[in-house]
Amino acid sequence: MTELCDLTFAEARKALAAKEFSAVELNKAYLEAMEAARGLNAYVLETPEIALERAAESDARIARGEAGALEGLPLGVKDLYCTEGVRTTACSKILGDFTPPYESHVTSLMRSAGAVMLGKLNNDEFAMGSSNETSAFGTPVNPWRRKGSDAKLVAGGSSGGSSAAVAARICLGATATDTGGSIRQPAAFTGTVGVKPTYGRCSRWGIVAFASSLDQAGPIARDVRDAAILMGSMAGYDKRDSTSVDTPVPDYEAAVGRSVKGLRIGVPKEYRVDGMPAEIEKLWSQGAEQLKAAGAEIVEVSLPHTKYALPAYYIVAPAEASSNLARYDGVRYGARVAGRDITEMYENTRAAGFGSEVRRRIMIGAYVLSAGYYDAYYVRAQKVRTLIKQDFETVFAAGVDAILTPATPSAAFGVGEMANASPVEMYLNDVFTVTVNMAGLPGVSVPAGLSAEGLPLALQLIGRPFDEETLFATAAVIEDANGRFTADRWW
Ligand code: GLN
């Protein structure tokens, strides 16, 4: 049944409508494929009963001619999304067996559109990381391997379960979240397409918070069209998220295949960072050529505050995290470790429940928010953030429609390979992605080639606020020019 799992959603949708196979058959094929791929550790919880029940409901709706936009789609859900009656842990021990009595806004929209949940996907603990090695459930394995090597590679982070599962064809599409790159970087490492929407486009309600002013929900999918289809059902206003924006959701799928003739694509000179591998440099100029061949105009642009983005991000994100994670006190959720008094109970619970990266972030956050350092660090980082946002505004005001950059500074690295590196070296993975979150802009990561070692490499397109459509149109051009990248099944 693996052939069923090789179809994109756009293809499966047609076959489902033509009754070539049923939603139950499609989802059964995925459940079997998941079982065969357990060694990849992409899922932290499989929900086969829910999947088959919802797939049968999909078949009934298809039979009545009432199919929704995602009808029958076998979906993997990042374990950061609250799912009604289904354990949600953010891949942290501190949440224990927390089982939310409600569904996140985004997944409930997808469910109303007919999506079928296969299970919950691995991620870095509280989405803090770039390799998914901070998860309490262990690291998911990238379905891609270096040529001639069977060394295990990371699938990126924090949405490493989502990217591994989509690339391994053990879900058709996945939800993910992106605070500094967690959708785009794992997508880049696995030859999949990842979309980080404009801040406010998707509701954060019911998604475990990391850094609330940066977090956004978005899809990881097999190709650009599937990503656009998923986005169409994930986006939408929600009054329960005060930063959700009430603006109509366009037909994203219609933007796939739209001409890019006459578009102005900016190439920022500051993204040519020191030590960038020649193959990334080449991928980038090739991508620019491909857009040019499709009728776009390539212009050099400047985003002068780029070099401050990573340091500023690693102040703002931990500050918000330390505040958001204060709620895990052993009383309201999940795990509790007793102590002689309430203070000791808090301390014991938090010491046992949080992993080392999360503890590091809480400490950095508490420090930069403390009375003596607030102005020197937090306020200054917020000012830098404004400058970064203004850089983009200036470029867009000058008539640039989208910005083309590499998605990551390297291809996927080995599991454990960064274990002895400093945390800052891991943070460098996000050098091309964090600016987008700091400015609240949409960004897409699209596969554009293979490294000398045979691993996927990707480009990023950054758009104007709420102009995801231009990103789908331009990403589709890059995709058409380079083809799709599919990992061979070895697991
Ligand atoms: N890697 C970045 C971090 O650890 C981004 C994570 C994310 O986007 N959730 O903060």
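Heads up, the Cβ atoms here are built off N, Cα and C, so glycines get one too.
LYS78 (active site, charge relay system) carries a strand DSSP state (E or B). For LYS78 (active site, charge relay system), the same-chain residues 6+ apart in sequence whose C-beta sits under 8 angstroms from its C-beta are LYS120, LEU121, ASN123, SER159, GLY161, SER162, ALA174, THR175, ALA176, THR177. If you look up TrEMBL, you'll see LYS78 (among others) marked as active site, charge relay system.
According to TrEMBL, the active site, charge relay system annotation covers SER158 (among others). Of all the Cβ atoms in the protein chains shown, 34 others lie within 10 Å of the Cβ of SER158 (active site, charge relay system).
Reduced to three states, the DSSP call for SER182 (active site, acyl-ester intermediate) is coil. As annotated by TrEMBL, active site, acyl-ester intermediate applies to SER182.
According to TrEMBL, the feature domain 'Amidase' maps to 28-471.
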Practice item. Mind giving me a neighbour count for SER182 (active site, acyl-ester intermediate)? Other Cβ atoms within 10 Å of its Cβ, every protein chain shown. Key: 37
Revision key, fill the gap. Expressed in Å to no decimal places, the gap between the Cα atoms of SER182 (active site, acyl-ester intermediate) and SER158 (active site, charge relay system) is 5
